[in-house]
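Noted in Swiss-Prot for the protein shown:
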BINDING   30-33, Lys51, 87-91, Gly415, 479-481, Asp495  ATP binding site
Amino acid sequence: MAAKDVKFGNDARVKMLRGVNVLADAVKVTLGPKGRNVVLDKSFGAPTITKDGVSVAREIELEDKFENMGAQMVKEVASKANDAAGDGTTTATVLAQAIVNEGLKAVAAGMNPMDLKRGIDKAVIAAVEELKALSVPCSDSKAIAQVGTISANSDETVGKLIAEAMDKVGKEGVITVEDGTGLEDELDVVEGMQFDRGYLSPYFINKPDTGAVELESPFILLADKKISNIREMLPVLEAVAKAGKPLVIIAEDVEGEALATLVVNTMRGIVKVAAVKAPGFGDRRKAMLQDIATLTGGTVISEEIGMELEKATLEDLGQAKRVVINKDTTTIIDGVGEESAIQGRVAQIRKQIEEATSDYDREKLQERVAKLAGGVAVIKVGAATEVEMKEKKARVDDALHATRAAVEEGVVAGGGVALVRVAAKLAGLTGQNEDQNVGIKVALRAMEAPLRQIVSNAGEEPSVVANNVKAGDGNYGYNAATEEYGNMIDFGILDPTKVTRSALQYAASVAGLMITTECMVTDLPKGDAPDLGAAGGMGGMGGMGGMM
């Protein structure tokens with residue numbers, strides 16, 4: 001086992017604090033409407049330019065191992081805030097730095113670190129309750145656009161696009177961000193349920209100009225099996241032909257004789273048919289077939305539950321207003337499934353989301369909810385260069401997370417004002433002893449830090465602005481973009497409550513651990529390895545030479 005370097009007490013804390021400050025100073029220059037960019041060097045390709053706090057934090061590694069431990073702990077704050085709310089990473093870092101700096105001063109002055117931490121925790125718990133009380137629900141498009149604009153660094157077009165996307169697909173809908181092809185940002189909305197499977201044969205195409213299959217009011221056959229024998233399907237095909245409607249077959253696979261017969265029937269115009277593979281694999285495929293069945297009011301023909309394809313009737317088939325199938329995707333528009341059944345299915349999947357342990361599973365389940373409950377919107381980000389594209393895409397992603405958080409828990413006044421108001425309301429809060437009272441004051445003082453940093457980045461005097469804001473009440477604050485005071489809600493400067501809450505909770509959690517640190521242990525730097533020089537080896541060789 002490698003030898004360790006151990007530091008105690010003040011020596012350890014000073015080193016750790018230095019690391020905290022290096023990382024936080026790099027991150028906090030990005031805060032606010034007048035925050036600056038940070039350029040990150042990459043081992044290959046062009047450097048990345050960003051104003052995203054967590055992207056900056058992730059890039060920082062310090063040479064001194066003790067300082068690096070401090071930096072990594074603050075990086076954890078930014079990462080946790082990012083995971084919880086998708087935004088507010090810079091705010092969380094600024095809060096953590098303020099609490100650690102003030103807290104370690106108190107420790108150096110002889111306060112008990114454990115009581116300080118208890119005081120900080122007490123203040124944060126009370127602050128979270130106050131934030132909830134200040135929170136206003138965010139439901140209209142204008143507020144959603146404002147939240148998106150602020151989070152995308154005052155880019156109004158991004159805010160409007162996100163509000164429009166949420167308007168189109170609903171709050172449950174999936175909104176994804178992709179690279180665009182032009183200079184302008186675009187919004188693409190897919191109505192209905194879409195999945196990534198195309199037609200099994202190009203001979204099904206009935207719209208040669210678009211290369212797609214479009215079927216109006218079709219029946220939809222759902223089968224959890226491979227279909228290779230056409231005899232199994234004859235009863236269903238005959239019934240559909242009599243009804244004079246088209247048929248869409250969604251099965252594990254359709255192959256051989258069955259596929260050939262369907263193609264011939266389609267080309268002769270006997271019955272319009274199109275076949276696609278079912279989406280997903282294994283258990284996920286079964287679940288997605290069941291989703292489609294719920295949406296279209298059909299039944300999945302599955303041998304697991306004793307159903308046979310030969311015995312299927314028109315009652316077992318789903319229906320939709322329209323189905324569009326192209327080379328890669330199938331879209332089912334306006335399924336005839338009962339609303340109550342769809343809502344029941346959505347509730348069931350939501351329960352699974354709560355119980356899901358992996359992020360991947362959770363994401364796939366959320367996609368299924370969106371496809372059932374809303375739709376899918378794609379924001380295509382336009383930019384002139386790849387470097388700009390990366391930076392803009394990261395901002396749009398942040399804005400998207402912020403608007404989701406706003407819809408979830410509401411909004412509070414932005415620009416650091418909400419935390420200043422919360423701190424003022426908690427001025428009378430006391431702990432069980434004097435050291436806890438100091439801890440409470442440390443946390444309350446730290447709550448001014450985001451406002452001060454926004455002002456500092458705008459080139460103004462933080463203390464003057466902070467005092468002016470504290471002298472006001474309610475949503476009165478400072479708009480750093482226009483350098484004027486007024487009602488932050490009227491200015492359209494809103495922060496999602498969830499983002500502010502998460503930033504404060506994670507900052508206090510990690511900062512509390514750092515304040516109570518008394519000892520730090522790391523590997524000693526490895527000295528130069530002893531040189532097992534060429535001479536020794538060659539000596540042996542010389543001996544061998546003598547033997548020859």
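Heads up, the Cβ atoms here are built off N, Cα and C, so glycines get one too.
Features recorded in Swiss-Prot, as mapped to the structure shown.
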residue	record	Cβ contacts under 8 Å, 6 or more apart
Thr30	ATP binding site	Arg36, Asn37, Val38, Thr50, Lys51, Asp52, Gly53, Val56, Thr90
Gly32	ATP binding site	Gly415, Gln453, Ile454, Val455, Asn457, Ala458, Ala480
Gly88	ATP binding site	Ala81, Ala402, Asp495, Pro496, Val499, Thr500, Ser502, Ala503
Including all protein chains displayed, how many Cβ atoms other than that of Asp495 (ATP binding site) lie within 10 Å of its Cβ? 30
